[in-house]
Amino acid sequence: MSSPIRNRLQLVVTLIFCLFFENVNGLNNFIDNFETLNYRATHVANQVTRRKRSIDSAASHYQEPIGFRFNAYNRTFHVQLHPIDDSLFHEDHMSDVDGGYADIKPSHFLYEGYLKDDPNSHVHGSVFDGVFEGHIQTGEGRRYSIDKAAKYFERDDRPTQYHSIIYRDDEINHRKWRVKRDAENLSEQMQGCGFSSRVRREMTDVQNSGESTDFFTNYMTMGGRSKRANTLRDHDGLYFVRTCSLYMQADHKLYEHIRMKEGNNDPIRTREEIVSLFYNHIKAVNEIYEGTNFNGIKGLHFVIQRTSIYTPDSCDRGRAKTDSDNPFCEENVDVSNFLNLNSQRNHSAFCLAYALTFRDFVGGTLGLAWVASPQFNTAGGICQVHQRYNEGSRGWVYRSLNTGIVTLVNYGNRVPARVSQLTLAHEIGHNFGSPHDFPAECQPGLPDGNFIMFASATSGDKPNNGKFSPCSVKNISAVLAVVLKSMPVDPTRNASPVGIGKRNCFQERTSAFCGNQIYEPGEECDCGFSQADCDQMGDKCCVPHEARGNGGPGPCKRKPGAQCSPSQGYCCNPDTCSLHGKNEEKICRQESECSNLQTCDGRNAQCPVSPPKHDGIPCQDSTKVCSSGQCNGSVCAMFGLEDCFLTEGKADELCFLACIKDGKCTSSVHLPEFSANRTNFLQNMRKDKPGLILHPGSPCNNYKGYCDIFRKCRSVDANGPLARLKNLLFNKRTIETLTQWAQDNWWVVGVGGLVFLVIMALFVKCCAVHTPSTNPNKPPALNIYQTLTRPGTLIRQHRQRHRAAAGSVPPGPGAQPRSGAASAPSRTTPSARPSAPPLVAPQVAVAVPPGVVGPPIPLIATHPGSSSSTPAVIVLEPPPPYTAADPGSAMGGPRRGHRKNKRQTSSDAAGSSGNGGKKKGK
């Protein structure tokens, strides 16, 4: 055998060997390269055991850090962990399993920390049986994932040499499953997200069919104001609320998979593993959204408010049992219908509601979500309430369009954690208003990779995989600008439909965020998100948020040698990064109505508490009194009375301060304590006038309105001309007045009704002549333009039409024709030609050319008593639209809306050919 042939055979054998053993060293189609971990976990387990024993003791509030080390990727990882502070879970977080309350304590098994030799690193995950599972991000930005081996092996096939694996994010292989996806020969390559063009059209139709309701009425009646309605705004008028509450659900498919894998067939362990799964996903999503500047909107944050876990015990043959509310029992559903199952529930109490599953959807789809829009008339996305939508043949149905779904399986393989986390961030991006990245400049590809909102799932190892493109930032910023301009509402209280308008359900953040220029617990300083923010603030002593992963002291840390930062308080010298001394008498707080001036004490960067003034001093234009240095005391309480609201009277009367005296709410104008000759509680511009008038912006009419700058009580919905017109026509007093007047003057109502009917009849009669008709016996419609410009022509044309109609009546039997009628046929000009000839014409002689055989003459019976034996002849002419006309005009063609290609019979075909011959001969 020659050498070239031998080399070719060796090459073929090598290729076959590589293809056959392609996945021998890989866990699945996603992970090819990994390293095993088998560190001793006894010391970790002891820490967890000691914690469980002391959960009821006071010492359980604080837990000593736990640590372990292992070697992988030619380095040593020395991990330091401590229990989470629950900042990722809402203060009212609740868990349920199959609808029943479940006592799950996330702080008992969830941990976060850092690498001991890398202070800028971050570690988060869970610890079960002394084994850690989670993610590590080094100070240089490299990411590692640690998974239990039980996730990839059956219970009887689990390895005994190691308990965990570790792999880098850049070792996630996407080439194989993309080949499989392309091999499906789909008409549309979904590539991870199910938001195809067909699905987009269907979802858009639903989003635009929402039922509108009265926003202002529901807003006030349902107590829509948030716990702190006086939340600050920025220079663009956007409220400083950045926390989005989440409702996380796991269906029975995901529960069953985790129970058979890392759950070890233990129900309690399984539900804790699912909560850990939720935690790791939202933790990764927060890192992405908190680190993104959406055109000035920074610090978006997500908290888990409720978790629901559904088990197979709640389903029976694809349906929920009678005592279960599991919405996901249906077995064989596609991705869009699975999203509909989640959307059928009422999720108005949450910013977003997501369902995680282990269903292998067609086309490799990993997720789907409703896309938000900045348009008020388009529903869907963040904060959308549960309301009715018109779905065509299905009629009106209730939907919650603040929903999305994510699956953890793709073509039979469990998706790596980093991929599913980016998928969740991608679908939430849809909820925030971003479609898929487009055009080409937002799809850069290699070497930096595509962005989060790319239609295909990404591995997460490229620099752009965890970032939003400029296109996505623009789209999300537009939606947030509309939502955050609305007053924040408490979604747990205001859960009723408030129309298609954008509801602001974001809440104030309870945990610290590095980059919001607010000094919070756990931070050394906070000068801003970027270095430009710090420069604008005049702080050169603090490290900004964007310095994460660049080495140095780390974000929100003081620079080396700095004693303090101006972000900590006014008592820090921005030039020297040191405290102002007490002898400098640096003023840090000016005197106010209820507190005295305060200077720095040289011990802290924050300004000391100002000495309060005496209680009872009038403040806020004498509508409040000082209490412990704050202007929040009650004026009525100074006289032993209680505060109340006036609810009856004119608008300018409702803005007076009122107190309850002798069991009645009385205006301060009529109280002797606030007479015109009083010596205290004097108001500006109201000297020698009785009563106290409320400050502009104060609530009035029992919180149904507010006092404007003219000190008049303005209703919340009385902000525009339409609202004023509605109040004028449909308020209770107007309706009662009109009803009483109609009862007293019933005869006027009757006469007016008759006059109205007569006017309408005349209107219809006059306008009927301008309405076209398909009846060939009726005259053509008149020109409305001539009637409007020359009203006199309407009467003349009306008379002419009657005369023409009288002259076209065929004579009765035996009637004599008019002189000359038989000698010559009448001629009419085209303009005066009627729309159709009479069906029966007088008997006239019809000249037939010699040699031409005319059409057969239809006969009719003669009139009884008629002496004429000649039968009458019916002269038939084709009715419109077949009336002879100029072929070049529109009248020569068929009527609009009718078929042109009418099927012909054999006789019709013969007639057509004959007619065609005649035309040709003309």
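Positions of Cβ are set from backbone N, Cα and C atoms, glycine also.
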From the list CYS442, CYS505, which cysteine is recorded by Swiss-Prot as disulfide-linked to CYS471?
CYS442
Please work out, from what Swiss-Prot records, which of CYS594, CYS600, CYS707 forms the disulfide with CYS655.
CYS707
Among CYS564, CYS577, find the residue that Swiss-Prot gives as the disulfide bond partner of CYS572.
CYS564
Considering the candidates CYS636, CYS665, which is the cysteine that Swiss-Prot reports in a disulfide bond with CYS659?
CYS636
Within 10 Å of its Cβ, which one of these glycosylation sites (ASN74, ASN346, ASN475, ASN632) has the largest number of other Cβ atoms?
ASN475
When distances run from the Cα of ASN632 (N-linked glycosylation site) to each of the glycosylation sites ASN74, ASN346, ASN475, ASN677, the nearest one:
ASN677
State the count of C-beta atoms found within 10 angstroms of the C-beta of ASN677 (N-linked glycosylation site), not counting that atom itself.
6
Between ASN475 (N-linked glycosylation site) and ASN346 (N-linked glycosylation site), the C-alpha gap once rounded to whole angstrom:
27
Integer mean pLDDT for the topological domain 'Cytoplasmic' (767-922):
52
From the Cα of ASN74 (N-linked glycosylation site) across to the Cα of ASN346 (N-linked glycosylation site), what is the distance in angstrom?
51
For ASN475 (N-linked glycosylation site): DSSP state (helix, strand, coil):
helix
If I take the alpha carbons of ASN74 (N-linked glycosylation site) and ASN677 (N-linked glycosylation site), what is the distance between them in whole Å?
88
